[in-house]
Amino acid sequence: MSRQDPRYHVNLFRPKEGHMKDEVLIILIVLIGWATLTFGFQVLLAFSRGRGIGDLLTGLTLFGLPLHFWFTGQFLPLWFIILCLVFNVYIDRITAYHSRKRDRTYD
Amino acid sequence: MTDSQWTIGIVILVLVSFILVGLKQKARESMEYGFGGRYTGRIGGGAAIASNWMSAASLMGLAGLIYLNGYQALAYVAGWTGGYVLLLVLLASQIRRFGKFTAPDFVGERYGSPAARFLTAVICIAISVIYCVAQFKGIGMIFSFLFGIDYRHGVIYGGLAVISYLVLSGALGVPRNQQLLYFVIITSFIVPLMWLAHRLGYFWLLPQFGYGEAVSDLSRQFQVDFAAPFGTGSVYEWCALCFTLMVGTAGLPHVLSRFYTVPNLRDARWSVVWGLFFIALVYWSAPAYAVFGKLIEARMGHVLPPAAARTMADIVVLKTAVLAGVPGWLAGVLAAGALSAAFFTVAGLLMNGAASVSFDLYYRVFHPQASELSRMKVAKGATLALGGLVLLLALNPPGLIAEITAVAFALAGNTIFPLLLLGIWWGRANDDGAVAGMLVGVVCTFAQPLFGSLSPQVAALFPLTSSALCGAPLVILVMIAVSLATPPPPDEMQRFLASEVHGHLD
């Protein structure tokens with residue numbers, strides 16, 4: 001704490017140096033991945049209907065399901081699991097890194 | 001015994017066995033004096049998260065809506081899984097470091113305002129009641145299906161059964177075995193599905209993949225385009241619903257408190273991954289019931305008109321199994337799984353709601369000198385009162401199970417979620433902002449019934465089940481504006497946030 005600005009005010013978009021900055025970085029990356037594949041895909045699907053990509057998305061099949069149905073119904077839940085997994089691995093790493101660093105400064 | 005007697009017998013057997021296993025577990029734990037290990041590791045923690053989450057909405061309502069609306073209803077699948085991403089990355093660790101484990105406690109402490117605390121408690125109770133109405137509808141439909149009675153009688157008998165079950169397990173002091181509950185729920189959902197897939201001639205080992213062929217067959221043989229995107233609604237409606245369910249998940253009071261039963265933060269985070277996987281197992285399977293239901297109807301040559309389909313949609317899982325000729329005992333397994341999920345969800349929500357009435361309202365606001373004993377009495381009375389209220393509301397359910405549940409999610413997403421989010425991530429958010437935000441959130445949630453007839457735009461932007469896509473950002477803006485216009489929160493709280501919640505490794 002001694003190294004930090006004592007007047008720091010918590011703000012997601014202005015994180016503190018150190019652990020918080022690393023944490024916010026991975027949070028924003030995960031949120032972008034979450035939003036693009038969930039909502040970006042639906043918007044793409046809606047606006048490309050009847051055109052090349054749209055036909056491809058509804059025309060191709062995977063496990064018998066049209067690609068868009070498979071993507072939303074089966075891949076998205078899996079994608080969310082992957083995002084949580086990536087987040088946890090990364091947080092485990094930065095937690096280990098910053099606690100080692102902290103211990104050394106105290107030494 | 002006839003088929004239906006078998007079905008009822010299995011259902012009773014499963015419900016009684018929860019009490020027996022619980023009693024045995026209790027005896028063993030008191031013998032080992034605390035070393036019996038409530039903590040069951042990350043996987044066990046995940047199963048607890050999942051069983052806490054599963055309700056009649058996941059096991060009955062979801063398949064029903066997919067059966068009715070096809071692709072449009074996949075917004076529920078994505079929404080009810082993706083919310084855990086938000087919860088994990090934005091709130092779970094930080095709220096745990098903050099150290100307050102219920103929404104009213106957190107709001108009361110963070111914003112230092114009795115008014116905000118009071119409002120949060122009232123909203124949490126409202127969320128529990130709405131959520132329970134959906135569960136009661138599910139219980140009522142299963143009862144009317146099992147006993148061949150009409151819905152109103154089904155819901156009365158079912159409601160009385162669940163309240164007596166709650167009172168009985170409370171009186172016996174039965175601990176809830178969440179891992180066993182998850183095992184029962186997942187087995188009872190997937191084994192009948194495998195049977196169905198086998199019966200209909202699809203790949204049955206993994207019916208989650210096998211049902212794909214059935215979707216193709218539906219469109220080839222019967223011209224039912226089940227998978228057509230945005231057939232029954234617009235892309236805005238899809239995204240609004242999905243977003244609402246996601247932020248609602250992160251704001252639901254009973255989901256939040258799940259993170260504090262695991263002793264350390266790292267295991268708590270990892271158990272979310274397992275929990276999400278266990279939840280996804282059910283959500284990968286639910287569409288299969290819907291598709292098989294449609295297929296059986298099409299093969300038998302009578303496709304129901306929309307109104308009739310809507311009436312039976314919530315029971316489509318059981319009805320499909322019975323139409324396909326599932327043996328009585330297996331139908332019983334299927335019904336028992338859904339019923340135990342609904343029973344334990346009701347138990348959890350009513351007890352949470354009653355604890356909130358007794359602690360947050362009665363003790364904190366009205367009677368600060370109340371004794372432990374009188375608070376207990378209030379809690380017991382409140383359980384029964386809330387149960388009665390839910391029963392009354394469930395007699396004329398306003399929609400399908402998943403739709404009613406979605407309203408509870410919308411309310412949570414419009415009120416609790418912004419308060420938690422800004423409370424954790426913006427030190428400047430203050431009590432006035434919190435109160436203003438919650439009031440706006442409540443108005444947003446019910447904007448469609450309140451102002452929908454006056455302004456069609458409002459009705460289109462804030463659909464009752466999906467109001468949080470516009471609502472939650474609006475509430476966040478209101479909270480920011482009001483907070484900036486009023487004095488900042490105490491320095492002490494701001495320092496605590498910077499040094500404890502976000503500075504534990506500095």
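Yeah, the Cβs are placed from backbone N, Cα and C, and that goes for glycine too.
Lifted from TrEMBL, the feature list:
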- B:6-23: transmembrane segment (TRANSMEM)
- B:43-67: transmembrane segment (TRANSMEM)
- B:73-92: transmembrane segment (TRANSMEM)
- B:118-149: transmembrane segment (TRANSMEM)
- B:155-173: transmembrane segment (TRANSMEM)
- B:180-197: transmembrane segment (TRANSMEM)
- B:235-256: transmembrane segment (TRANSMEM)
- B:268-286: transmembrane segment (TRANSMEM)
- B:329-357: transmembrane segment (TRANSMEM)
- B:378-395: transmembrane segment (TRANSMEM)
- B:401-426: transmembrane segment (TRANSMEM)
- B:433-454: transmembrane segment (TRANSMEM)
Report, as numbers and ranges, every residue of the chain located at least six residues beyond the transmembrane segment (B:433-454) whose Cβ falls under 8 Å of a Cβ in that stretch; write 'none' if there are none.
107, 111, 113, 115-116, 119-120, 123, 407, 410-411, 414-415, 418-419, 422-423, 461-464, 467-468, 470-472, 474-476, 478-483, 486
Would you kindly check B:6-23, B:155-173, B:180-197, B:268-286, B:401-426 and say which stretch has the most C-beta pairs under 8 angstroms to the transmembrane segment (B:235-256)?
B:401-426
Using a threshold of three or more Cβ pairs below 8 Å, and leaving out pairs closer than 6 in sequence, do the transmembrane segment (B:268-286) and the transmembrane segment (B:73-92) count as in contact?
yes
Taking pairs 6 or more apart in sequence, does the count of Cβ pairs under 8 Å between the transmembrane segment (B:401-426) and the transmembrane segment (B:180-197) hit 3 or more?
no
Kindly say whether the transmembrane segment (B:155-173) and the transmembrane segment (B:43-67) touch, using the definition of 3 or more Cβ pairs under 8 Å where each pair is 6 or more positions apart.
no
Do any residues of this chain, six or more beyond the ends of the transmembrane segment (B:268-286), have a C-beta under 8 angstroms from a C-beta of it, and if so which?
42-50, 53-54, 58-59, 62-63, 66, 77, 80-81, 84, 87-88, 92-93, 96, 182, 185-186, 189-190, 193, 207-208, 259-260, 262
Any chance the transmembrane segment (B:6-23) and the transmembrane segment (B:329-357) are in contact, meaning at least three CB pairs closer than 8 A with a sequence separation of 6+?
yes
Contact between the transmembrane segment (B:180-197) and the transmembrane segment (B:378-395) (at least 3 Cβ pairs under 8 Å, separation 6+):
no
Take the transmembrane segment (B:378-395) and find every residue of the same chain, 6 or more past its ends, with a Cβ under 8 Å from one of its Cβ atoms.
125, 128-129, 132-133, 136-137, 140, 152, 155-156, 159, 162-163, 166, 346, 350-351, 353-355, 357-359, 362, 370
Which sequence positions outside the transmembrane segment (B:329-357), separated from its termini by at least 6 residues, show Cβ-Cβ distances below 8 Å to it?
3, 6-11, 13-15, 18, 51-52, 54-56, 58-60, 102, 104, 121, 124-125, 128-129, 131-132, 135-136, 138-139, 142, 145-146, 162, 165-166, 169-170, 176, 181, 184-185, 187-189, 191-192, 195, 253-254, 257, 317-318, 321-322, 378-380, 382-383, 386-387, 390
